[in-house]
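Visitor: Before I ask anything, here is the structure I am working with.
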Amino acid sequence: MPGRGGQSLSMVCVDVWILALSVLSVMADATSVPVTESCDSQGPPGLPGPPGLPGPPGPPGPPGPPGLRGPTGIPGDIESCLSPPKSAFAVKMNDPLPAPSQPIVFKEALHNDQDHFNLTTGVFTCTIPGVYRFGFDIELFQHAVKLGLMKNDTQILEKESKAKDNYRHLSGNVVLQLTLGDRVWLESKLDTTETEKGPIQSMFFGYLLYGNYPG
């Protein structure tokens, strides 16, 4: 039956052809290189992140070089230095003391450069207000002495001593605040009959410690 034989042959040929295509397809898959995407591909840049926290301060830098010398300054004003005021005296006498309740007149000046002590009246007059020191020294023999240091008719200090058959020494000093025109002197407080027995030597002194300056 030639019709069936030709049909069978055609089917065999088709199967062989399909088999051949399958083998070729398998071989092609085995030898083909898989296609992959490139690893070098990059997307678009992202948005900037927020600022970071400040870092700690760095160590101090080395000293810089010396600067240039500045210009010479303007000369200052020259003021004269005033010397402090002076007032001092020292007087003595070798005579008996005068009658009481009056200034003792000292006839010899050991120092009286400013003439603030009056040798005629025996009175010191303040011409520089300030703080003064006044004092006296008496050497006596067979005498009774009583002295008062006066300021403007007010007794500030009183001293007395008696020497029968020997020598005695009597001294006193005081610090006074004086204003312009104040007067200071030394006077006897005993009657002259009590002081005219033996020799006597008297010294009276005073000097400015410091003046009263404004401000």
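For all residues, glycine too, the Cβ spot is worked out from N, Cα and C.
So Swiss-Prot says this about it:
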type: SIGNAL; residues: 1-30; note: signal peptide
type: REGION; residues: 35-79; note: region 'Disordered'
type: DOMAIN; residues: 43-76; note: domain 'Collagen-like'
type: COMPBIAS; residues: 45-68; note: compositional bias 'Pro residues'
type: DOMAIN; residues: 82-215; note: domain 'C1q'
Visitor: Determine how many residues of the region 'Disordered' (35-79) DSSP places in helix, in strand and in coil.
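Guide: For the region 'Disordered' (35-79), the helix, strand and coil counts are 0 helix, 0 strand, 45 coil.
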Visitor: Looking only at the domain 'C1q' (82-215), what is the mean pLDDT?
Guide: 90
